[in-house]
Amino acid sequence: MSTNNSVLVLKVGGALLQCEMGMARLMDTAAAMIANGQQVLMVHGGGCLVDEQLAANGMETVKLEGLRVTPPEQMPIIAGALAGTSNKILQGAATKAGIVSVGMSLADGNTVSAKIKDERLGLVGEVSPKDATYLKFILSQGWMPICSSIAMMDDGQMLNVNADQAATVLAKLVGGKLVLLSDVSGVLDGKGQLIPSLTGQQIAELVKQGVIEKGMKVKVEAALEVAQWMGQAVQVASWRDASQLVALAKGEAVGTQIQP
């Protein structure tokens, strides 16, 4: 068994759900790590599925600075696409790889506190760590939590939370190592080349230049926040090469390291 007690928090984007081979490779890698004693927590988005479901219902997708605007009438569809379909697709892939998983959302187990992030965004939530008991129990059994980014306020109102921010908060809660996985190999410079390491100052400069924008801006800023909070680098890497995860579990650098 591995002596690595740190939880590996893997955030996966919606694009993964549309790539069966990518999902299978990622889950096989996660299964091997869990068998070796590594605790793994997966957090997911599902933007592609949400867009499809909204379009099927004649509703428009609007984004503000890389974040999805969530009007009240869209909330049931978004919750269904994320906490329902997306979550179960990933759970199915985990089961196929021999992983015992628990499908959950941010609303479960008193795990986080949630509030409205910005009135302009509608029912978009901002969450903060609350109670790790539920997650720690699941992880202690050798099971893998697969968490969607649907949260709930104290009055029962569902909120849509950006999945990168959700992963950041859960990494804080369990004191884990955060890896933000997308369909790109990391943060790319203006010429499309991978940047191996970035500091907060360099990120601010690249945002100013428009090199880092939209979804990647949200991702990198979430990574920087948790890197600073935990005093350790956060990785932004690709799920397309799941073998990178094994290197990461061994403490090797992959993708772009966001420095605290």
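Heads up, the Cβ atoms here are built off N, Cα and C, so glycines get one too.
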Listed co-binder of substrate (same site as GLY46, GLY47, ASN160, source Swiss-Prot) among ARG25, ARG68: ARG68
Where GLY46 (substrate binding site) sits in the secondary structure, as DSSP reduces it to three classes: coil
Substrate site, defined by GLY46, GLY47, ARG68, ASN160: further same-chain residues with Cβ within 8 Å of the Cβ centre: GLY14, GLY45, VAL50, ILE78, ALA81, LEU82, SER149, ASN162, ALA163
Neighbouring C-beta atoms (10 Å sphere around the C-beta of ARG68 (substrate binding site)): 20
Secondary structure of ARG68 (substrate binding site) (DSSP, helix/strand/coil): strand
Largest tally of Cβ atoms lying within 10 Å of a Cβ, found at which of the binding-site residues GLY46, GLY47: GLY46
